[in-house]
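Going by Swiss-Prot, these are the annotated features:
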BINDING   Gly91, Pro92, Thr93, Gly94, Cys95, Gly96, Lys97, Thr98  ATP binding site
COMPBIAS  1-11  compositional bias 'Basic residues'
COMPBIAS  18-55  compositional bias 'Basic and acidic residues'
REGION    1-64  region 'Disordered'
Amino acid sequence: MTNESRKRKVRGSQIRSSRGDKKQGRSQSRDDKEIERLERQNDARGQESSTHVDEGFVPEEQSFIETESVNRVESRMERWLDVGRPVHLIGPTGCGKTSLAMHVARERDRPVVWINGDAELTTSDLVGEYAEKERISEHDQFIHNVVKSKDIIRDRWVDNPLTLAVQEGATLVYNEFSRTKPVANNVLLSVFEEGVLELPGKRGKSRYVDVHPEFRTILTSNSVEYAGVHEPQDALLDRLIGIYMDFYDLDTEIEIVRAHVDKSADTNVEDIVRVLRELRERLDITVGTRAAIMANEGATTVDTVDQAVLTDICTDVLASKVAQRSDVRGLREEIESAIDDMEVALS
């Protein structure tokens, strides 16, 4: 017996694919090719709309005041954005972080994408997920009076803000960044370091997205002593440029408040801003520029603002910051004392 014949001889049973397995494999291969063909066909017809940046979900631009103090912080932010570094604005609530972030983002003349962080935000909320069903259809009437129809229904991936910003080269404004749990923000590590966004949960070769060279990020956070603030992990903080903000100087705050109130009723703006700044020093609660804007809005509803009216207005504006009703009395007394000590001349 030759070696060739010995090699061909097989003892025992052989394991072969069943006819059913072979048929199923051929069927699966045909289905995959059919889906690819229909996708190309639908793309050519424009049946599938691509996701793109929609700035309709970005907060409207508010009046923005340019002063020396504002320009100083703005220039620092732009310096780092110009070299592609993400900027993290940190400061007390109501000091103007969000307004400044939105202004700087719009000045870049690129699309702006907005995210508002909170404890319930997940990685999927940032990058996207399979959240819809799509139908791929083919209708063929090659023969007269004979219509061939085929529908394939499958999961459809929906891009969320971070993915859209990365793809389009937009400026991402991530407001209240530190209110999001750190695990959800892990996806930012590869974006800032390797220039690649990984889409957890996405299948196939499109799981990775190259970061557009014009993509930039501005994050805003309250200081860590505020309730509901999570401290980001060191690996991420190591890749951020941190710029700490405080409340603006008196002249800047006056100009900001004037820009937000009726011009015909701004005679008390300076006095009210001074009172709120004094309360900022005296009280254990945060008294921001936003509180001064609200107080001046309240003052525009009366003909004359005397000390009693101003006390009521300031108490109403700040009462939501105290823990319980019994604390309001002490708050009111502090406000009355500050107004008396400053000898505010109201009209």
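Glycine residues also receive a Cβ, built from the backbone N, Cα and C atoms like all the rest.
Note: the ATP site is recorded as Gly91, Pro92, Thr93, Gly94, Cys95, Gly96, Lys97, Thr98; in the same chain, Thr220, Asn222, Met245, Phe247, Gly288, Thr289 also have Cβ atoms within 8 Å of that site's Cβ centroid. Sorted by the number of other CB atoms within 10 A, the binding-site residues Thr93, Thr98 start with Thr93, the lowest. Classification of Gly91 (ATP binding site) by DSSP places it within a strand. Applying an 8 A CB threshold to same-chain residues 6+ apart, the list for Gly96 (ATP binding site) reads Met245, Tyr248, Ile256, Thr289. Mapped onto three states, the DSSP output places Lys97 (ATP binding site) in helix.
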